[in-house]
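Visitor: TrEMBL feature annotations, pasted as is:
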COMPBIAS  26-45  compositional bias 'Basic and acidic residues'
COMPBIAS  524-540  compositional bias 'Basic and acidic residues'
COMPBIAS  541-550  compositional bias 'Acidic residues'
DOMAIN    82-164  domain 'Gelsolin-like'
DOMAIN    202-276  domain 'Gelsolin-like'
DOMAIN    331-404  domain 'Gelsolin-like'
DOMAIN    650-718  domain 'Gelsolin-like'
DOMAIN    756-829  domain 'Gelsolin-like'
REGION    1-45  region 'Disordered'
REGION    524-550  region 'Disordered'
Amino acid sequence: MRLRRRKDSAQDDQAKQVLKGMSDVAQEKNKKQEESTDTRAPRGKVRRWDQGLEKPRLDYSEFFTEDVGQLPGLTIWQIENFVPVLVEEALHGKFYEADCYIVLKTFLDDSGSLNWEIYYWIGGEATLDKKACSAIHAVNLRNYLGAECRTVREEMGDESEEFLQVFDNDIAYIEGGTASGFYTVEDTHYVTRMYRVYGKKNIKLEPVPLKGASLDPRFVFLLDQGLDIYVWRGAQATLSSTTKARLFAEKINKNERKGKAEITLLMQGQEPPEFWEALGGEPSEIKKHVPDDFWPPQPKLYKVGLGLGYLELPQINYKLSVEHKTRPKVELMPRMRLLQSLLDTRCVYILDCWSDVFIWLGRKSPRLVRAAALKLGQELCGMLHRPRHATVSRSLEGTEAQVFKAKFKNWDDVLTVDYTRNAEAVLQGSGLTGKVKRDTEKKDQMKADLTALFLPRQPPMALAEAEQLMEEWNEDLDGMEGFVLEGKKFTRLPEEEFGHFYTQDCYVFLCRYWVPVEYEEEEKKEKEEEKAGAEGKEGEEAAAEAEEKQPEEDFQCIVYFWQGREASNMGWLTFTFSLQKKFESLFPGKLEVVRMTQQQENPKFLSHFKRKFIIHRGKRKVAQGTLQPSLYQIRTNGSALCTRCIQINTDSSLLNSEFCFILKVPFESEDNQGIVYAWVGRASDPDEAKLAEDILNTMFDTSYSKQVINEGEEPENFFWVGIGAQKPYDDDAEYMKHTRLFRCSNEKGYFAVTEKCSDFCQDDLADDDIMLLDNGQEVYMWVGTQTSQVEIKLSLKACQVYIQHMRAKEHEHPRRLRLVRKGNEQHAFTRCFHAWSTFRKALT
């Protein structure tokens, strides 16, 4: 028992030590908590429960500026269209009965730090949306400032003493207020107007009296009846004006009538009774009455402002300050146009167009200035002489009418484009219905297809593959006959001249091809005839009969019409009315006609000349007798099939160390007609060097002396004398590994970029489109003379997208953007095209 008592006492001592240690830890923890509480909450204040919550960081910069509440003073906002709009200091203390306001008083407290008082005032006739938004934005303002104060609600006629002291007990109520932010559905009332359309590049609309006598056969008129829009074309009006007027009517329908209006195109003499009813009756005769030198008065732009107790109406001299950097000539002034950048969202403007007065209201403009401008616009028509059909119209920023936009330069040129869509997505139906479909159509009103910019460059075809394809096409060729236009009829072309073409001539080649026989179909026929034993015929006899029945099905004829870039279209007309009729009667149902122009030939057609395709300048018989030196360049574009030998300017600066050239220096001697050189560049392809020698022997007979010379071994006597002195020339053609040509156009109804094949030429530069040329160092944006402003803006964006894409893909070859206008091309641009020359004129 003594041992057990000793053991129990030892266990009790251990338990006491554990309990003492636990109590010490608890006391120390409580002491630390008290110390932390004292530091966080001085003066013994208990910390609020919401102070430990982490508040989300919200962005109120859309409603309030950065410096709001940073200086002592008074700031007031008025609720308009669900958002607070700053009120001018002159209007502080004046409250509209149908509006709500937020009032912020900023002051310094006893410690010298900023403090705030926030009130939101509710008008007696305010709508529910304004009441709710004033309360919401008052809380937003408190959160934005990080203020600890409450937001105080003040109602009209029951304001607190603290609120009245903010304004020194001097507040005033004004009847009225801004409209509710909610939409109100009302039947729209449309005013019938008629406009005369004039102008070439950018059309303009001039309002005219609403009567039949206003019509003129030389112009296009637009009659706007709201949901019925008529485009009337006079007998002598141009098609271009009609098209532009129709486009303008489409914009009115889309932007102002929600697509509900019906547009009708009328020709003079085909007007329906409704048209004449709107004009008050049909006139006895439509006469020319508009003067040839007619030009409407220059629009005048006024800015409405509030002075010290009076209205200010200064005229903006946009002619000199905005339209041109330097002072223009006097005769140019009447034709200058307004710019959209003149309109400030914080101001109100009056645009006086004599027969139309527009009042433009900026979204952030004061309401008092708006009311003054509307009143002033009405008085302006009464004070000054105006025609009876003159009207005063009001335009809010963002909802301007198309007639108002037409007064400004390039207002409608920039369209929203979705650069992520391609052609398939545009043509594919969405399968949506109802409001979702309408919203989708509105969003996708302008599409773009930039897929071609992201595709890899077409790799060049291997020589062996091209030769195999050339051999197969020539195996199928059964025969070829050539014809050339001489005078007004086609004559047969001698076979020794096959492969020689002249830029001012037209050629026709009739090619007959063997068509492979479908043996599988024959075997099926044989089996079917073998099974038909009722006729008592053997399988071999049936097969023999099948062979006898189908000899006429094994050929096809293709007629290739080739037109030189300097030849007129009379050759094509002569062919269609003579040779084509004859060929169609000889080969009914088996004839195909392919029309080609110089350097845009069919690869199958090129293969028949086995890389010896030579293009001379001038006419066939006239050019053969000239005694001037001539220079030819041999070049392959993407494939050996597309090899041509084309005459270029006789200039040594056009030589290149990676190509082969042929120079003919004629003599006046009868025994020796001249000497011909095949010039082989030091970096040229060996196959092309051999080809140059073959072409040299093909082009010229034994009456010419022929020499093959390498670069650096040129004889001074005839080579440099014949080519016209030695000049610096390119020693590489690295650009041939990178050249790509893209076409930018919106002719399909959406903006699209397409790539030309690697065998492109100068005539691929379309005058009414934008072309992008990449040579590995620069991306040239080539602008034609008939390109629209819309295409220029969209093409510039596409060009930037392509440069960024190539910078990520080929960072070792960064591209630079260069702008080129037609007729001002640089050498780095023109050398990418085989045989660059002057642009051809419109063919007749």
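Glycine is no exception: its Cβ is also placed from the backbone N, Cα and C atoms.
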Visitor: Give me the stretch from 82-164, 331-404, 650-718, 756-829 with the greatest number of Cβ pairs under 8 Å to the domain 'Gelsolin-like' (202-276).
Guide: 331-404
Visitor: Considering pairs 6 or more residues apart, do the domain 'Gelsolin-like' (331-404) and the domain 'Gelsolin-like' (82-164) have at least three CB pairs under 8 Å?
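Guide: These two segments touch.
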Visitor: Would you mind splitting the domain 'Gelsolin-like' (756-829) into helix, strand and coil residue counts from DSSP?
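Guide: Summed by class, the stretch gives 27 helix, 17 strand, 30 coil.
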Visitor: Could you break down the residues of the domain 'Gelsolin-like' (202-276) into DSSP helix, strand and coil, giving a count for each?
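Guide: Within the domain 'Gelsolin-like' (202-276) the tally stands at 25 helix, 22 strand, 28 coil.
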Visitor: Tally the residues of the domain 'Gelsolin-like' (82-164) by DSSP class, grouping H, G and I as helix, E and B as strand, and everything else as coil.
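Guide: So the domain 'Gelsolin-like' (82-164) is made up of 25 helix, 30 strand, 28 coil.
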